[in-house]
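Peer 1: The structure follows.
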Amino acid sequence: MSIPLSIKWDGKQLVVLDQQKLPHEIVYIKLEALKDVYEAIITLKVRGAPAIGITAAYGLAIEAQGYKTNSMIDFLALLKKDATYLGESRPTAVNLVWALDRLLTVVSLVDSVSDAKQILIEEAIVIHKEDEESCRNIGEFGLSLLGDKTKVMTICNAGSIATAKYGTALAPFHLGKELGKEFEVFACETRPLFQGGRLTVWELQQSGVDVTLITDSMAAHTISAKGIEAIIVGADRIAKNGDTANKIGTLNLAILAFVYGIPFYVAAPSSTFDLSINNGVEIPIEERKAEEITHINGKSIALSNTKVFNPAFDVTPAKYITAIITEKGIIYPDYCDNISAQLANSIEKEKNNEN
Ligand SMILES: CSC[C@@H](O)[C@@H](O)C(=O)COP(=O)(O)O
């Protein structure tokens with residue numbers, strides 16, 4: 001039994017788990033150029049907000065190794081162009097542009113192209129390592145918040161394979177297993193792309209966590225029939241006021257949690273917060289192609305003239321969120337004040353530690 005990893009860097013090559021092929025085939029693919037990374041992200045071979053950010057960082061750093069110029073001005077122009085291209089692969093998860101911006105920032109601190117090439121790879125590795133640490137911390141805070149609750153529902157896959165390791169929403173379950181705490185997890189299948197049915201079930205089985213699959217439409221009945229005690233989800237972007245974008249269907253669960261009087265937790269690293277936006281209305285929601293709904297495994301299940309609306313994410317208003325679990329601690333309402341205070345406070349603490 002072990003926690004699966006989706007991103008591997010061996011010092012030279014970037015290898016990722018092809019999440020399209022799960023759970024029946026476990027295939028790792030090499031991403032050698034920016035266009036491979038773009039394609040892997042847009043087709044959801046690599047998916048989940050932190051994993052998208054980490055892979056994009058490696059992708060940009062790898063591409064930059066091939067720039068044939070000794071001029072820093074030309075180097076930076078190429079880097080910005082490629083960062084913009086990659087940053088447009090998926091619009092909702094802010095971790096993508098957050099990671100690319102980090103690379104653009106570090107590179108502005110060096111004077112030569114050879115130093116720039118090196119620092120880009122180093123920064124991608126740091127982003128990767130930091131995410132693993134963040135997710136472990138989220139798991140620990142999540143475990144303490146869940147206390148003696150064991151029956152928990154989740155949606156999509158906010159797990160180890162959506163991050164560097166452990167995951168966000170799934171981190172308490174992986175860590176709980178290591179520490180001998182048994183959870184009973186109920187995974188919503190997550191139409192239309194079945195991240196719950198294909199990925200979460202597989203991932204939790206890999207680490208020996210008890211997991212039961214349900215369809216999204218069974219959530220309300222399951223909460224009452226099985227005595228679900230809490231719901232925990234990941235996030236793709238969290239606004240300053242706590243409004244949270246996550247996989248389509250998350251909002252339904254938040255409303256159900258409110259109606260049934262059970263806690264609804266969001267788990268995410270600080271790289272998922274977008275403090276430049278005040279509320280969820282400003283979060284761009286990705287709309288994907290109609291075939292994801294009209295077809296299953298390439299087979300049509302609807303008439304060819306069917307009109308389709310296929311938003312990949314929804315926004316849960318902060319008022320439905322009991323607490324947000326980050327790597328720095330647990331944030332409670334009123335989010336408007338507490339998010340900024342906690343993130344700023346920890347930045348201050350990090351600065352003090354450095355001094
Ligand atoms: C730790 S991953 C958090 C979110 O990115 C996850 O819950 C999610 O919505 C993923 O959507 P996806 O479209 O599969 O990339």
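Any Cβ shown, glycine's included, is placed from N, Cα and C.
Below, the features straight out of TrEMBL:
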- Asp236: active site, proton donor (ACT_SITE)
- Arg47, Gly48, Ala49, Arg90, Gln195, Asn246, Lys247: substrate binding site (BINDING)
- Cys156: site 'Transition state stabilizer' (SITE)
Peer 1: With the substrate site defined by the record as Arg47, Gly48, Ala49, Arg90, Gln195, Asn246, Lys247, how many Å span the farthest pair of C-alpha atoms?
Peer 2: 17
Peer 1: Given the recorded positions Gly48, Arg90, Cys156, return the subset with CB under 6 A from an atom of ligand 1, ordered by sequence, or none if empty.
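Peer 2: Listed by sequence, the hits are Gly48, Cys156.
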Peer 1: Using an 8 Å cut-off from the Cβ centroid of Arg47, Gly48, Ala49, Arg90, Gln195, Asn246, Lys247, can you name the remaining same-chain residues around the substrate site, in sequence order?
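Peer 2: For the substrate site, the extra neighbours are Ile52, Ala93, Cys156, Asn157, Ala158, Ala162, Gly234, Asp236, Ala312, Phe313.
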Peer 1: Can you tell me the CA-to-CA distance separating Lys247 (substrate binding site) and Cys156 (site 'Transition state stabilizer'), as a whole number of Å?
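Peer 2: Answer for this pair: 6 Å between alpha carbons.
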Peer 1: Between the Cα atoms of Gly48 (substrate binding site) and Cys156 (site 'Transition state stabilizer'), what distance do you get, rounded to the nearest Å?
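Peer 2: Given the Cα positions, Gly48 (substrate binding site) is 9 Å from Cys156 (site 'Transition state stabilizer').
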Peer 1: Asp236 (active site, proton donor): which of the recorded positions Ala49, Arg90, Cys156 have a C-alpha within 10 angstroms of it?
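Peer 2: Those near Asp236 (active site, proton donor) - Cα within 10 Å - are Ala49, in sequence order.
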Peer 1: Have a look around Arg90 (substrate binding site) and count the other CB atoms within 10 A of its CB, chains all included.
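Peer 2: The Cβ of Arg90 (substrate binding site) has 24 Cβ neighbours within 10 Å.
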Peer 1: What does DSSP assign Arg47 (substrate binding site), in three states?
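Peer 2: Once the DSSP labels are grouped into three classes, Arg47 (substrate binding site) ends up as coil.
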Peer 1: Take the Cβ of Cys156 (site 'Transition state stabilizer') and count every other Cβ within 10 Å, whichever protein chain it belongs to.
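Peer 2: Cys156 (site 'Transition state stabilizer') is surrounded by 28 other Cβ atoms within 10 Å.
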Peer 1: DSSP secondary structure for Gln195 (substrate binding site), reduced to helix/strand/coil, please.
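Peer 2: Gln195 (substrate binding site) sits in a helix per DSSP.
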Peer 1: Using Cα coordinates, what distance in whole Å links Cys156 (site 'Transition state stabilizer') and Asn246 (substrate binding site)?
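Peer 2: Here the two Cα atoms are 9 Å apart.
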Peer 1: Can you tell which of the binding-site residues (Gln195, Asn246) has the fewest other C-beta atoms within 10 angstroms of its C-beta?
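Peer 2: Gln195, out of the binding-site residues Gln195, Asn246, has the fewest neighbouring Cβ atoms within 10 Å.
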